[in-house]
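Structure, as structure tokens:
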Amino acid sequence: MTNLTSPLLPEMAEIWQQTLNWQPTALQRSQFQQLYELVLEGNRQLNLTRITEPQEFWEKHLWDSLRGIAPQRQFIPVLPEGGSVIDIGTGAGFPGIPIAIAFPNCKVTLLDSTRKKITFIETILTTLALTNIKTLIGRAEEIGQQSQHRKTYDIALIRAVGTPSVCAEYALPLVKQGGLAVIYRGNWTEDETTALQNAANQLGGVIESIEQFTTPLTNSIRHCLYLRKVVNTPVQFPRAIGIPTQNPL
Ligand code: SAM
């Protein structure tokens, strides 16, 4: 099996430092390695990801996941010590699992509507002994209306799940007032900013910042959108299953 830690490890260690001002410990490196191997193995039965080459996996799944919570290369401001994070539509566990590995003190909930993906993730959690992750099967539209989840997370992360306004409608109800929704995107335009601002206003959020960056290996353009929840989300949001995508805000 292709080995992620060798021969890439020395150069990756430098890139982590240069780009995120952070270095994984030996344990974290080994957890990243195991995660890679388990995802490749899971891919044989489940359609988990098309990203399977080691460098691509490192850049698009590991690095990209962590970059979203490290604006301006600062981990701390967006992720309070011991804070709670929900990853909505986590798929094979991205961005949530790399974040849980990098921040063992934070509590990460991985939400997906597909049972078999969550079942697969549970095998990863056991193998990697990741005790700071919980899993949740369900639709964001329903989970966002449940009192045990609504307004309870410091940060909601959402990558590759829908349009920006759909992501905002899934994410903002779940974060506490003062909390943050982080939407991971590829390209971004000014028109999208206007549409997202309009959606965020209706959901009790504002666009705090939009960060553009390039990935370290392939120089691909990425954006992360940081929405701050300034007032409570009105009770009608998120709307019923399917409505956010059929009729986006
Ligand atoms: N976030 C992962 C990533 O970036 O690699 C996976 C993205 S995958 C393209 C989208 C995932 O979102 C799928 O696993 C799907 O089951 C889940 N999903 C889509 N709509 C959802 C919803 N309304 N609630 C919960 N999960 C949803």
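Glycine is treated like the rest: Cβ placed from N, Cα and C.
Per TrEMBL, S-adenosyl-L-methionine binding site is recorded for Gly89, Phe94, Asp112, Ser113, Thr114, Ala140, Glu141, Arg159. Taking the Cβ of Ala140 (S-adenosyl-L-methionine binding site) as reference, residues of its chain lying under 8 Å away and at least six apart in sequence are, in sequence order, Ile88, Gly89, Leu111, Ser113, Val161, Tyr170, Ala171, Leu174, Pro238.
Here the binding-site residues are Asp112, Glu141, and the one ringed by the most other CB atoms within 10 angstroms is Asp112.
Across the residues the record lists as binding S-adenosyl-L-methionine (Gly89, Phe94, Asp112, Ser113, Thr114, Ala140, Glu141, Arg159), the two Cα atoms farthest apart are 20 Å from each other. According to DSSP, Ser113 (S-adenosyl-L-methionine binding site) sits in a coil region rather than a helix or strand. Considering other CB atoms within 10 Å as the measure, the emptiest surroundings among the binding-site residues Ser113, Thr114 are those of Thr114.
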